[in-house]
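Single-structure report; data block below.
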Amino acid sequence: MDDLFPLIFPSEPAQASGPYVEIIEQPKQRGMRFRYKCEGRSAGSIPGERSTDTTKTHPTIKINGYTGPGTVRISLVTKDPPHRPHPHELVGKDCRDGYYEADLCPDRSIHSFQNLGIQCVKKRDLEQAISQRIQTNNNPFHVPIEEQRGDYDLNAVRLCFQVTVRDPAGRPLLLTPVLSHPIFDNRAPNTAELKICRVNRNSGSCLGGDEIFLLCDKVQKEDIEVYFTGPGWEARGSFSQADVHRQVAIVFRTPPYADPSLQAPVRVSMQLRRPSDRELSEPMEFQYLPDTDDRHRIEEKRKRTYETFKSIMKKSPFNGPTEPRPPTRRIAVPTRNSTSVPKPAPQPYTFPASLSTINFDEFSPMLLPSGQISNQALALAPSSAPVLAQTMVPSSAMVPLAQPPAPAPVLTPGPPQSLSAPVPKSTQAGEGTLSEALLHLQFDADEDLGALLGNSTDPGVFTDLASVDNSEFQQLLNQGVSMSHSTAEPMLMEYPEAITRLVTGSQRPPDPAPTPLGTSGLPNGLSGDEDFSSIADMDFSALLSQISS
């Protein structure tokens, strides 16, 4: 009630007809923090009650009925009467011994004080501060010394303005002291400014019971309540002291609205209220909604989302005119579809069929006399060795082929095929080409093989096969086979060169030029000039046994 007395009963001047002091800008009661001396920083400036973030005001007084020289003293006194000198002190420009004193401008009647700060003292320095007030005669209301001992409210002070002017005779005239509204320290929860910082929701059912989380500045859990007010209605949120978390958060449930059968939303005010001094925070809007089955407010969220989507689409730069646009003109441009000839796929290196792929059943119609062939001749046709790809040149004794030969087959590396059983005709392309060619040949049993190979019997050119070392020749063949398996491509010229070197008995000559296709020779690597008595002397059974081994 003491805070309301200056508003209801304003202080009257001591002399109605004489000068008096009036406070036209009160100091701001809350929001300022009292600073300790040990903090080593300025205590700030006391703002005016109408001060904002953009417009700063300060405590201001007006001396009515007087213009001229004078002095003013501003000191701190207690909030409650008797107004004793307060142990806190004013600091700033023109401040000493805990109070402010300066001369007034004689040309003005309104005076503002911008550089006033409040510095608080510790409880252990309380007695020393009171003794200093008594020694400096800082006692505006002349409170006896015995009454100055006792408890002090260190979280609230008042400003006391004492103005001294000159009377017509030039003597000092002390005007009646004037007190300001209380100023509270913002550090103390019981006197700090109440402020709602944030809530998780600002609407609820008219039946109440909705849980709300509220964040605020420091409050005292035993001296705080959530206050709802509306037109002709007021209520309080329900919570316990345990629902106040660290003085900065409150979890409460909303009270039911006065009209439970609400049909339209109603807006009310929600505030923090301190019962001890009836201090209220700035109001925050809260909306009571009609009770429906939609407890989770799905329809409300859907409508809000729809409205947001509509507003976005209206502002969208891609939202063009609704008139149908003319069709886009299209120009026919001829295109040339060039059919690219596909490149031929790389073909693997081909080899003619070896003796292992010949179907010897085809030789049954042929009448060949029995004979023996030397072991050296049998070694000329190994089953696993590749054969030189060479075109056979028909001689005068050969009959032309009835049909062109098939393409040479691809040599597939692998183990030699067993010839213990009859070898069937191969179905692959190119297999059995040599056998088909031999099938269409007609031999005379009395015809000399040398005539077929070139009719050359010069001993200086050819050497008898009996002089060939079979073991050395077999070793060379084995080396050729291993080389053909280890390398990517078979060495086709390995066997003819080795045979020539062994037959002639000379060292390996330098690589000769490629042999022309017209050169006489056999596909198994024998030179066409080698002399056999007759092809009928060849024992094919011995040849087959040698191939199978």
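Cβ coordinates come from backbone N, Cα and C, glycine included.
The compositional bias 'Pro residues' annotation in Swiss-Prot covers 407-416.
Residues or ranges marked as domain 'RHD' in Swiss-Prot: 19-306.
DSSP gives K122 (N6-acetyllysine) a coil state; it is part of no helix or strand. Among the features that Swiss-Prot reports, N6-acetyllysine is placed at K122 (among others).
The annotation N6-acetyllysine is assigned in Swiss-Prot to K123 (among others) on the grounds of similarity to another entry. Taking the Cβ of K123 (N6-acetyllysine) as centre and 10 Å as the limit, one finds 9 other Cβ atoms among all the protein chains shown.
Positions annotated as phosphothreonine by Swiss-Prot, on the basis of a large-scale study or a structure entry: T176 (among others). Of all Cβ atoms in the protein chains displayed, 15 besides its own lie within 10 Å of the Cβ of T176 (phosphothreonine).
Taken residue by residue with DSSP, K218 (N6-acetyllysine) is part of neither helix nor strand, so it is coil. When other Cβ atoms within 10 Å of the Cβ of K218 (N6-acetyllysine) are tallied across all protein chains shown, the result is 16. Taken from Swiss-Prot, the feature N6-acetyllysine applies to K218 (among others), supported by similarity to another entry.
Summarising the annotation, Swiss-Prot assigns N6-acetyllysine to K221 (among others) and lists similarity to another entry as the type of evidence. Its Cβ taken as reference, K221 (N6-acetyllysine) is surrounded by 16 other Cβ atoms within 10 Å in the chains shown.
Sequence-distant neighbours of T254 (phosphothreonine) (same chain, six or more apart, CB under 8 Å from its CB) are G204, S205, G208, G209, D210, I212, F228, G237, F286, listed in sequence order. Annotated phosphothreonine per Swiss-Prot: T254 (among others), in sequence order, evidence recorded as similarity to another entry.
Annotation comment: Swiss-Prot describes S276 (among others) as phosphoserine. DSSP gives S276 (phosphoserine) a coil state; it is part of no helix or strand.
If you look up Swiss-Prot, you'll see S281 (among others) marked as phosphoserine, on the strength of similarity to another entry. For S281 (phosphoserine), the number of other Cβ atoms no farther than 10 Å from its own Cβ, over all displayed protein chains, is 20.
The Cβ of K310 (N6-methyllysine) lies under 8 Å from no Cβ of any same-chain residue at least six residues away in sequence. What Swiss-Prot lists as N6-methyllysine is K310.
As annotated by Swiss-Prot, N6-acetyllysine applies to K310 (among others). Under the three-state DSSP scheme, K310 (N6-methyllysine) falls in the helix class.
Among the features that Swiss-Prot reports, phosphoserine is placed at S311 (among others).
Swiss-Prot lists T433 (among others) with the feature phosphothreonine, giving similarity to another entry as the kind of evidence.
The phosphoserine annotation in Swiss-Prot covers S467 (among others).
What Swiss-Prot records for T504 (among others) is phosphothreonine, and it gives similarity to another entry as the kind of evidence.
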Closest by Cα to K123 (N6-acetyllysine), out of the modified residues T176, K218, K221, S281, S311, is K218
Cβ contacts within 10 Å for S276 (phosphoserine), all chains included, total 11
Counting other CB atoms within 10 Å of each candidate's CB, the least crowded of the modified residues K122, S311 is S311
Cα nearest K218 (N6-acetyllysine) among modified residues (T176, S281, S311) -> S281
